[in-house]
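> Below you will find the structure I want to go over with you.
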């Protein structure tokens, strides 16, 4: 956990001078490039003005972000809002971040712990993806689940009945965060 | 075994094939009429016979120079030099890449890159404004790995799919993956295709490493023989000069383009031959 605070300091110093980076990091050069990339993503995300998605680093750690997505119009998730956590590895963007739902999400490809089954977060990861495209992908996954390999079989089964599904979504959405 | 080999070698003679314009080592004891192994004709002339005392080593080196692989190498060298994009003799590329570098490293530099792994195969380029405006009308191209703009004069790599990245950004990705981050173009797909073409035509009479070692030994001896100014070593220098100039390897003044020194074992082997020559 010591690393967490170090990362945070590094992030704040990054704009001023690279030489001010703390030397206690195991991989100083790598960490610097990860920090630069995450800062660049944060800027781009704030400038983009995408509706329905947002994300911001946690106060003390730029390697951990909190994101939100809202359900798209004309889907059973319309009007709902979900919180997610994004945890970036030290070799980001060469490896995918770990992304989980923090809110309860009743969805065929999301399990009860909030784990998401999405190819671009696993074997189809590309370093060209970023927070923005990840959140947009999850947002579109909500309305277009992959029923054939569900993490939540109950949700997969109910999907064919959109009216009942909508009721379930509304019911679970009122519940406090998991 | 040892005596039998010795007897066989002592019967070898060097002939000049007037059809091929080169020397060939043939056994004279055969009952069948002498025939050049390369052109299959009988237009042969017995060359000045080497002294039988130290015949073994020079004869073995002669047979190396007479190796058809050696002549194919020289021929291939010239063909690939005059037309780098040719697919004339792709079968030679695999086996002869190394020995070619002994002759003239600069001529094959364009070929070596394609046979390396994906991560290093893509050449590093310096970004120009022309390249940037070619990729984007506004001239602003960002690196999909670091998300920063790619600036003029920065080191970059352009993948076969034309996507451009900072060199330092894309190399770690290619070490982990085999594809373009933006379009998933598989780099090995293009490579396998090229390698398949090269290997298909290889006749495989000798393994490439055998040919390599033979050629390397031949090159070492050739380079050292070319430096012999005083004696025409059993007429070998004249022969080699003739072959080489015929193939355009050296200038008419006899200046050698072969400059590479050999490995320890080969040099030692040669010095024994050279010593024998000097004493006579």
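Backbone N, Cα and C define each Cβ position, glycine as well.
TrEMBL does not curate its annotations; it predicts them automatically.
Sharing the features that TrEMBL gives for it:
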- A:117: active site, glycyl thioester intermediate (ACT_SITE)
- A:11-22: compositional bias 'Polar residues' (COMPBIAS)
- A:33-178: domain 'UBC core' (DOMAIN)
- A:1-28: region 'Disordered' (REGION)
> What is the average pLDDT across the domain 'UBC core' (A:33-178)?
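Across the domain 'UBC core' (A:33-178), the average pLDDT comes out at 92.
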> Would you count the other C-beta atoms found within 10 angstroms of the C-beta of the residue listed as 'active site, glycyl thioester intermediate' for me?
18
> Taking DSSP three-state, what's residue A:117 (active site, glycyl thioester intermediate) in: helix, strand or coil?
coil
